[in-house]
Amino acid sequence: MSAVTAAVSNKDTGASSVPHSPQARRMNLPGTREEDCFSWTYDSAEITTPLMAQEYLQSLLRTRRFDIDHLLQTPAGVEQISWLYEHMRQICIELGFYISMMHKECTERSCPVMRANETTYYCAGHGHPRPCSAIGYAVHTIDYAVQQLSSTSMVVWRAGETSMKHFQSMVRRLYRIFAHAYFHHRELFEQQESATYLYARFVRLARKYELTPESLIIIPDLPAAIEPASKVD
């Protein structure tokens, strides 16, 4: 049976793999059931390019999202700073979805200034720091982080103190988005954290690589699992 014939045959059964071809197996064929999408696995030994490192991390998130120790463990053959880069890029991707959820209740009218608890933060996304709505600050900060991660100096394998300084500035600004959500949109924060562990992963990453001083981590340590806050009728 040819690979094409096998692919057509598997379409009817919802299978998402083509035999004897590792590359062909990693595709969601037409007709694949939602629960069977991305059902393939990666071996860390296969990581030979930056793109494969990103795909490997995303495969871990699909299967072991809540095992933060395992997620942060640098795969064999991958430089620590490269693994940090992949995590930061993935966190920015997920924060985009996070902000879209936050925008349902965090608007320019409800949160006209970026605050976390009693601290007000100025936004650097206007040419010079100035007050900005919380949702505007979040969007501008994600834009800044993506630009930094996409810059030539970061993409050409980012090693050395200069790169770490970029990460430190990025983490400090991104942290404020989580802090605003925690202190001013607690129910949303707890719902998102229960479903994704995104903040827990982010802060563990920051601590592992010493990207922010403890004095700037203002969200209390979270329990091992967060249950979504119950709605009040």
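The backbone N, Cα and C atoms fix where each Cβ goes, glycine too.
Automated prediction, rather than curation, is the source of TrEMBL annotations.
The structure displayed is predicted, hence computed values, not measured ones.
The region 'Disordered' annotation in TrEMBL covers 1-28. Under the heading compositional bias 'Polar residues', TrEMBL lists 7-20. Here TrEMBL flags Cys106, Cys111, His180, His185 as Zn(2+) binding site.
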Greatest C-beta neighbour count within 10 angstroms, which of the binding-site residues His180, His185: His180
Those residues of the chain, 6+ apart, with a Cβ under 8 Å from that of Cys111 (Zn(2+) binding site): Ser133, Ala134, Ile135, His180, His184
Residues close to Zn(2+) site centre defined by Cys106, Cys111, His180, His185, Cβ within 8 Å: Met102, Glu105, Ser110, Ala134, Ile135, Ala181, His184
Long-range Cβ environment of Cys106 (Zn(2+) binding site), under 8 Å and at least 6 residues apart: Ala134, Ile135, Ala138, His180, Ala181, His184, His185
